[in-house]
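*Asks:* The region 'Disordered' annotation in TrEMBL covers A:1-25. Annotated ATP binding site per TrEMBL: A:GLY40, A:LYS41, A:GLY42, A:GLY43, A:VAL44, A:GLY45, A:LYS46, A:THR47, in sequence order.
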Number of protein chains: 2
Amino acid sequence: MATPIKNKGQIAGQMPGPDPDEQARQSLTRIKQKFIIMSGKGGVGKTSVSVNLAIALAGMGHQVGLLDVDLHGPDIPHMLGISGMLKADDTQKMVPIAYSDHLKIISMESLMPNRDEAVIWRGPVKHGAIRQFIGDVSWGDLDYLIIDCPPGTGDEPLTVAQLIPDAKAVIVTTPQEVALADIRKSISFCKNVRMEIFGIIENMSGFTCPHCHKVVELFGEGGGEKTARNYGIPFLGKIAFDPEMVRCSDNGMAFQQQFTQSPITAAFKKIAEKMAV
Amino acid sequence: MATPIKNKGQIAGQMPGPDPDEQARQSLTRIKQKFIIMSGKGGVGKTSVSVNLAIALAGMGHQVGLLDVDLHGPDIPHMLGISGMLKADDTQKMVPIAYSDHLKIISMESLMPNRDEAVIWRGPVKHGAIRQFIGDVSWGDLDYLIIDCPPGTGDEPLTVAQLIPDAKAVIVTTPQEVALADIRKSISFCKNVRMEIFGIIENMSGFTCPHCHKVVELFGEGGGEKTARNYGIPFLGKIAFDPEMVRCSDNGMAFQQQFTQSPITAAFKKIAEKMAV
């Protein structure tokens, strides 16, 4: 059974501690811009996009925090080759792991003694955990907080929307129709909870065969762009599929640092520039 | 501290009258075998595998039910070209949609007036909805019930595990390491809730370029098989990636009926035969 995060407030129990919602709000005043990376369905490369946008923004000299609230599949530490447990500072706040001078990371996984263990939590427990990841973390002053949410429109994005009313959504999709049906749900979700949609990214959009160098549309093409246009939402760009990206994620290497000249690296930088306006 | 798993008593509520859990249990006595199709992460083609296994079993002459409990992304109706709302029979139970003489389908989507609308439900509400999909549906006598769960180890699989203690898990993965990290969580989940793992399927395992006919390992290869071996879990087979499968799903066509001679069709039949033993 998974060990839930130890919440000082809850453990102390008897003491009327500080309001955890208020604590989260205070933490957020030191963060200029908050982006929540969403997707209607899983496997569209949302986490990979979150990681690469965070690295691109950090590479531009901004102070960036990357928050992994995908409690059931916290993949960010693995993708970035990070391990180790979180430590607390002298104010008893969790200290995020520094990936570089400009990028700090907090992931559920860092709190789990066994990374193969399933987190079997029902909704209300998740809400508390996410609140702690915002309020009980010494994020310090950040230019950008990138929040990697699990796919769908469940408890996690709902909690983020409630806790961070000024978060903007970046919706990641692949081009095929089944995926698009799901992002229409993400769009409806954002409207329901009144979250601004910053834009849509079309991921895994086209693939060049490494043998014959011809292009194959693995998951179709252009569907994300079309959906953005239909809904009057900004289209942020297309990212091609590259098996090297899978290999980098598997080996804890940042694709952008390994493949500085790739069109994918250029595409991520271009999107990061739009976010940094 | 909140409890990770809530028992039936806490969730079922205090309403007098027929116990809905009992109603679900009675419905289940007329279903011989129950398989829950799970995946550690999204986008591994779990829904596509569920649909194709159901069609393969129905093609063998069995009576099959397909239950879509992916409340946030109910894709099955779209993939099978089904539309229309559910009707009730004279006992006020929901009547599943007949895809063929041998295959009946229930999906969350059939209950939603607008398919682009997001289902924003927190955990306990989902539990009730899933229970209704089992207890309040006139499934009749079935040889197999295939349950397509959302990815991860959240409320939906937990509810299914509690309601259907004799359900067997089929875990779908893609071959790359990041996906495997997540199926280890699914394995740990099944052990925690004491659900038998029937086996592992490795999906999107290899891809043949339609231009040069050379094989490309989009997501690596063999990782699912290796994980099955490491954990002593039966390995059910590999399914290759084929953009035609994406196209069929997008257009509501059953791949197996369009591509009867494909190795993918053969692979699904072989797995269905293992399930039908």
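Glycine residues also receive a Cβ, built from the backbone N, Cα and C atoms like all the rest.
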*Asks:* Who sits close to A:VAL44 (ATP binding site): which same-chain residues at least 6 apart have their Cβ under 8 Å from its Cβ?
*Replies:* A:PRO151, A:VAL172, A:THR173, A:THR174, A:ALA179, A:ASN203, A:MET204
*Asks:* Report, in sequence order, every one of the binding-site residues (A:GLY40, A:LYS41, A:LYS46) having a CB within less than 8 angstroms of a CB belonging to chain B; if no such residue exists, report 'none'.
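*Replies:* Out of A:GLY40, A:LYS41, A:LYS46, A:GLY40, A:LYS41 lie under 8 Å of chain B.
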*Asks:* Please list, in sequence order, the residues in the chain of A:LYS46 (ATP binding site) that are at least six apart in sequence and whose C-beta is under 8 Å away from its C-beta.
*Replies:* A:ILE37, A:MET38, A:SER39, A:ASP148, A:CYS149, A:PRO151, A:VAL172, A:ASN203
*Asks:* Could you say whether, by DSSP, A:THR47 (ATP binding site) belongs to a helix, a strand or a coil region?
*Replies:* helix
*Asks:* Tell me, if you would, which residue among A:GLY45, A:THR47 (binding-site residues) has the fewest other CB atoms within 10 Å in the structure shown?
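*Replies:* If we count Cβ atoms within 10 Å for the binding-site residues A:GLY45, A:THR47, the smallest count is at A:GLY45.
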*Asks:* List the residues of the same chain that sit at least 6 positions away from A:GLY43 (ATP binding site) in sequence and have their Cβ under 8 Å from its Cβ, in sequence order, or write 'none'.
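*Replies:* Result: A:PRO151, A:THR174.
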*Asks:* So if I draw a 10 Å sphere around the Cβ of A:LYS41 (ATP binding site), how many other Cβ atoms end up inside it?
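*Replies:* Excluding its own Cβ, the number within 10 Å is 29.
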